[in-house]
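Trainee: What follows is a single structure, and I will ask about it in a moment.
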Amino acid sequence: MEPLFVFKFGGASVKSAKAIRNLADILLKHRNRNLVVVISAMAKTTNALEDILSRWFEGDAVGMQERVDELEKFHIEAGLELVDGDENHVLISVIKLLLEQLKSQLKGKPHKSYDFHYDQIVSFGELLSTHIVSYYLNEIGISNILVDARKCIITDTTYRDGIVDEETSSILCQKEFDLGKGNIFITQGFIGGTKVGTTTTLGREGSDYTAAILANLLNAKDVTIWKDVEGVLNADPKIFSNTQKLDKISYQEAIELAYSGAQVIHPKTIKPLQNKGIPLYVKSFINPDAAGTVIINNDNVGKLPPILILKRNQVLISLSPRDFSFVIEDCLSKIFAILYKHRVKVNMIHNSAISFTVCVDYDKIRFERAQEELKEEFSVRYNSGLELLTVRHYTHEIIEEIAKKNVIYLQQRTRSTARFVIDRL
């Protein structure tokens, strides 16, 4: 049997009709391969849907409707541009049908948890983008099969961060991605479904994870993530100057980078690939013939330069027992249990005899819930609007420069990694 390859296209690669045509050009070069193509929502759509959800929960009907109208206009205009302005084209009807389904979700008042409704509403971004891409590809002669990820990526009911049932998903994926039906499959990143058909999501920016899960379950030869950068760089070129591309890195290094907040790879992506030794390529959809970066199961990839990763939107929380007792194992277990319960991601910790400090990702809903519960047993103080700067393979010169230029709230160092909680760069 011919090998299977997995491609993943992020929001920037489907941000407009022009971008979708470029995606089609890339697929045209690979049309004779067996391909599973994982697609994210069109650029800024997830943010727009999150805003719609927030306005719905806040009772801002006017603001919510304005944002829905903007979303509708954006997708219909992109669709029309792809079908030469034919308003009667089936693609336009499909877009309108999906948008009507979205509107029906927003009727009345929220009746379940924020996380539940998040998954039902924000998932429309991927549903819209994949239908647009699939119909357009068929229109230009690239035959493909659209697979609903909710029917084969099966998760539990941990809304906004679903845990994949690999055994059930494997059986269903083998059925849905049947190479006897065709050789190019289009599906959604980020979303899944429960065994009873309720929509779930795999965590923000989870489309990379979808690609990795599918590659694992379908025994793909390799995975390619198509980005607007030439590969994995040693720093974000939008923030830092004199960046350089890393030609090759190990799975272990990629896990470190992803955990630290590197935007180019989702933290959960590496493990499913590592388990089966599947290489991961990161390539540019702007320059698709360039080599990019390959991530492989080999620690002997040569010496790496300093790698800088900036993770924004951090909160530094300081906790101390209300009775001024020592922070011992019992206190720590309570703190971590509360943070885990509310799905607050911990990035860095520090403890002393009578206090415990933790740097976490800021998610308004989750943070507020966790804070309220923590206040029942601890004195809670926090600084928001901070950033976490991680430097892998640091030099003393870099450490000195960071210390000179930034207000540092917390820092830690190991042999190969230095981390700093700082004010905004």
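Using the three backbone atoms N, Cα and C, a Cβ is placed for every residue, glycine included.
Nobody curates TrEMBL annotations by hand; they come from automatic prediction.
Marked as domain 'Aspartate/glutamate/uridylate kinase' by TrEMBL: 4-284. If you look up TrEMBL, you'll see LYS8, PHE9, GLY10, GLY11 marked as ATP binding site. The substrate binding site annotation in TrEMBL covers THR46, GLU126.
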Trainee: Summarise the model confidence on the domain 'Aspartate/glutamate/uridylate kinase' (4-284) as a single mean pLDDT, whole number.
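Mentor: 96, rounded to a whole number.
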Trainee: Provide the three-state secondary structure of GLY10 (ATP binding site) computed with DSSP.
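Mentor: In three-state terms, GLY10 (ATP binding site) counts as coil.
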Trainee: If you take the centroid of the Cβ atoms of LYS8, PHE9, GLY10, GLY11, the listed ATP site, which other residues of that chain have their Cβ within 8 Å of it?
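Mentor: Apart from the listed residues, the neighbours are ALA12, SER13, VAL14, VAL38, ILE39, SER40, GLY189, SER207, ILE225, TRP226, LYS227.
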Trainee: Determine, to the nearest whole angstrom, how far the Cα atom of GLY11 (ATP binding site) is from the Cα atom of THR46 (substrate binding site).
Mentor: 9
Trainee: Work out how many Å separate PHE9 (ATP binding site) and GLU126 (substrate binding site) at their Cα atoms, rounded off.
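Mentor: Per the Cα atoms, PHE9 (ATP binding site) and GLU126 (substrate binding site) stand 11 Å apart.
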Trainee: Indicate whether THR46 (substrate binding site) is helix, strand or coil by DSSP.
Mentor: helix
Trainee: Just counting, how many other CB atoms are there within 10 A of the CB of LYS8 (ATP binding site)?
Mentor: 28
Trainee: THR46 (substrate binding site) has how many other Cβ neighbours within 10 Å of its own Cβ?
Mentor: 21
Trainee: Where LYS8 (ATP binding site) and GLU126 (substrate binding site) are concerned, what is their Cα separation in Å, rounded?
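Mentor: LYS8 (ATP binding site) to GLU126 (substrate binding site), Cα-Cα distance: 12 Å.
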Trainee: Counting every protein chain present, what is the number of Cβ atoms, excluding its own, within 10 Å of the Cβ of GLY10 (ATP binding site)?
Mentor: 23
